[in-house]
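Data first, discussion second: the structure below is written as structure tokens.
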Amino acid sequence: MFGSSVALQTASLGVEGEGIWLALGTILMLLGMGYFMQQGWGVTDPRQKEFYIITILIPGIAAASYLSMFFGFGLTQVELVTGRVVDVYWARYADWLFTTPLLLLDIALLADADWRDIGALVGLDAFMIVTGLGATLMKIPTARFAFWTISTVAMLFLLYFLVATVGASAKETSEEAQSTFRVLQWIIVISWSVYPVAWLVGTEGLNLVGLYGETLLFMILDVLAKVGFGFVLLRSRAVVGEGDAPTPSAEAEAAD
Ligand SMILES: *C/C=C(C)/C=C/C=C(C)/C=C/C1=C(C)CCCC1(C)C
């Protein structure tokens, strides 16, 4: 009895009290998912449906991952050769392996990118996440930083490819789609670039901010990169279409 209540307490608060951010992350992802579902309810247009399904799945997967981390499920310890023990929430890598390709699929579909370019984007992305997981699980510090560097270089290629190649396809779409693409592109470029920094200052790297600070940082980034991204995408007239978006005149009529 006593043992299980201690276990539960440890699980819900986490190692350094970071459980609070995992709980908040779960709630924000669920709210985002619920909002997108409510918006997409009854949509019948196949292209619109595709965007809704992908964009609802993203915070949905993240919510499941956050909830499992909150219960201490995705937590493991890596003992380095130096003797330092690193607490790692590996569940986030499982989340990212699915959610980052879905985010890229969303923006690539908006840009009308061809499947070869989407394949290159997703391939680079999977390589970035897997080598990032490698960096996280290695026992030799030099190997950890080597893998971190490989993963970060892959990310820089990915971001360049997104802006240059996928951006070029976006230029052939409607004015509305182009402006949405630009906003989403910046959300990705800015928020994704902070992830390797968060890893570096967190427990996996130099441990400057502790597990508590790192969990907070990743939670803010995840909410911005998933819910913030979805919010911009699903408000765009390029996605929801002229007829369905709340146009200023329709809003004015409703107010009358
Ligand atoms: C919703 C989740 C998102 C958008 C996650 C993005 C994650 C990254 C861009 C992670 C990048 C990393 C590196 C570039 C270096 C090694 C460590 C990682 C995996 C944090």
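Using N, Cα and C of the backbone, Cβ positions are placed for all residues, glycine too.
Just so you know, TrEMBL annotations are computer predictions that nobody has curated.
As recorded in TrEMBL, the features of this protein are as follows:
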TRANSMEM  20-38  transmembrane segment
TRANSMEM  50-73  transmembrane segment
TRANSMEM  93-111  transmembrane segment
TRANSMEM  118-140  transmembrane segment
TRANSMEM  146-168  transmembrane segment
TRANSMEM  180-201  transmembrane segment
TRANSMEM  216-234  transmembrane segment
(request) Report, as numbers and ranges, every residue of the chain located at least six residues beyond the transmembrane segment (180-201) whose Cβ falls under 8 Å of a Cβ in that stretch; write 'none' if there are none. (result) 103, 106-107, 110-111, 132, 135-136, 148, 151-152, 155, 159, 162-163, 167, 170, 173, 207-209, 213-214, 217-218, 221, 224-225, 228-229, 232-233, 236, 238-239
(message) How about the transmembrane segment (146-168) with the transmembrane segment (50-73) - do they touch, taking at least 3 C-beta pairs under 8 Å (6 or more apart in sequence) as contact?
(response) no
(message) Using a Cβ cut-off under 8 Å, which residues of the same chain at least 6 positions beyond either end of the transmembrane segment (20-38) come close to it?
(response) 12-14, 52, 55-56, 59-60, 62-63, 66-67, 69-70, 212, 215-216, 219, 222-223, 226-227, 230-231, 234
